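**Student:** Here it is, the structure in full.
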Amino acid sequence: MAAVVHQVAAPRKSLAARCIEVLRFYGPLGFVAFGGPSANIVLLRKIFVRDEKWLDDKTFTDLLALSSALPGPAFSQYDGMLFSDLVQPQLAFSISLLRGGMIPGLLSFVLLTGPGALAMFGFGFGVKHISNTLPDIVFALFSGLNAAAVGLIALAAYNLSQKVITDPITRIEVFLSAAFATCFDSQWLYPVLVAAGGLATLVWDWTTPFRSKIKARAGTVMKNKRDENRVVEDNRDVEQGKEKGEPSSIPDVNSPEIINIAAPSGPTSPQPDFIDVKTPMESVAADEKDETVATEHQLSPYFTLGSWGGFFITVAYILFLVLVIILRATVTRTRAFDFFVRIMIAGTIIFGGGPVVIPLLRSYVVDPGWVSSRNFILGFALIQALPGPQFNFAIYLGVLAIPHQPVVGAILGCVAIFTPGIVLKIGLLPFYNKWRDNDTAKSVLRGLNAAAVGLIYAATYRLLQVGFIMSSGEPDTPAIGSSLFQDGWWVVVTAGAFVGCEWFKVPSPIAILGGGVAGVAWWGVTKR
């Protein structure tokens, strides 16, 4: 049994001291958060659990689970193998929120996401000024980057599907979500598919007892039928044996042989009804149940938000989201406001982080003509080589979607994509210990995640159709994006990025760089 941990109340620190503490530990993380999400989670655990002892493993795991239960940059699969690219900012925010309060928590989020956000802001300016008529070698470079990026998207779909598929219903949801999103393209379709996934698993789990009873009843009927058929066949064999004068093949239960076999010889020991053998996972679970330090025992005195305050924040955000959606539909249709609302919707309804939000963002900014397919997939390729979260992609898109006010576009993209997860994290943290084991919430989340992963497969297909960038041959016509299947080399590059990152653990930035080199090599061979 785990030892009881007695906590000693630490003296209160000033706000300045808490901010300096956050700056000391979080300042370098925004520049070194390479190596993939799992490496970053391990880094956070090493710093704040093992070294600094800001919290224990149980609290760390609970905060990570809370991130998985919220939309936006918060989906995680905490098994040491796969995490969303956005979990580490949310988790880091949660740790510093409990450690130092609201302002230090927000400061930690800025420190962890800021460097990557500024880099994407600069890339947006650079891409905005790239001419549509470029040398063929540059188009080949872009095509190679695109092909490798599509491979990483396919890898995200593959890895996430292994985690979210837990039963037949989630497997069906992944398939149907991908199928509908591949065959149809509409801005309202993706949110509907995600919501339908959550509803489907909820209904499936609710009807499980009823289906189990029907299955058991059907099994009993079938067993009785088989027993009846066996008795009829045995009787027929006996009758046929008597007619032929043959001995019966059915043993007589009163025969001495049967009695001798049935009666054991020698002393016997009573047998237990069952043997309680715990698997390693059950032993771990038992140890966790013995753990006496729970999350609520470690809530910092600096984070004093109560249940009513959390409820007010959550409801206020939902009302604000409904209000801006109504205003967008009825009052104003400026591009800046339209962009802000679309990105906020994406940040609210998406469970799964960076890879999952890609198809929705593409639908929201490419379909209206605000961002070209070339610039969209080029930005996705660039963000793979940067530290920090993939949701910084929205900053890049804001620069391109609002070209006359790029700074405003970047700010709107940043606020809209990150606000949902942060606000809902603050609002729901006081309730977490009450609903974290709620079966209804777990059922809905399973379906939301499964449907969202299906969208990544659809995004892979759509990006394959526009990844090959080439000149149109006309100065006044932008470069065109065509299918990567036009040349088998690009398919090989896509597959190479997938295989390299999945089975040889090649870092994502190296895979993207390799795609660019492969594109230049293709140009050197074909000269076209």
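Backbone N, Cα and C atoms are what each Cβ position is placed from, and that goes for glycine too.
Unlike curated entries, TrEMBL annotations are predicted automatically.
As listed in TrEMBL for this protein:
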COMPBIAS  232-246  compositional bias 'Basic and acidic residues'
REGION    232-255  region 'Disordered'
TRANSMEM  26-44  transmembrane segment
TRANSMEM  106-125  transmembrane segment
TRANSMEM  137-160  transmembrane segment
TRANSMEM  172-190  transmembrane segment
TRANSMEM  308-327  transmembrane segment
TRANSMEM  339-361  transmembrane segment
TRANSMEM  376-400  transmembrane segment
TRANSMEM  407-432  transmembrane segment
TRANSMEM  444-464  transmembrane segment
**Student:** Below 8 Å between Cβ atoms, which of the listed ranges 106-125, 137-160, 172-190, 308-327, 407-432 makes the most pairs with the transmembrane segment (444-464)?
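**Tutor:** Against the transmembrane segment (444-464), the leading stretch is 172-190.
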**Student:** Count the CB pairs under 8 A between the transmembrane segment (308-327) and each of 106-125, 137-160, 172-190, 376-400, 407-432, then give me the winner.
**Tutor:** 407-432
**Student:** Considering only Cβ pairs within less than 8 angstroms, which of the stretches 106-125, 137-160, 172-190, 376-400 has the most against the transmembrane segment (407-432)?
**Tutor:** 376-400
**Student:** How about long-range neighbours of the transmembrane segment (137-160): same chain, 6 or more residues beyond its ends, C-beta under 8 Å?
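**Tutor:** Hits for the transmembrane segment (137-160): 77, 82, 352, 354-356, 358, 374, 377-378, 380-382, 384, 449, 453, 456-457, 459-460, 463-464, 467-471, 479, 484, 490-491, 493-498, 501-502, 508, 511-512, 514-520, 522-523.
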**Student:** Who are the chain neighbours of the transmembrane segment (376-400) in space, where the CB to CB distance is under 8 Å and they lie at least 6 residues beyond its ends?
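**Tutor:** Cβ under 8 Å, 6 or more out: 30-34, 72-73, 85-86, 88-89, 112-117, 119-121, 123-125, 127-128, 142, 145-146, 148-150, 152-153, 339, 343, 346-347, 353-355, 357-358, 361-362, 365-366, 370, 406, 408-414, 416-418, 463, 466-467, 481, 508-509, 511-513, 515.
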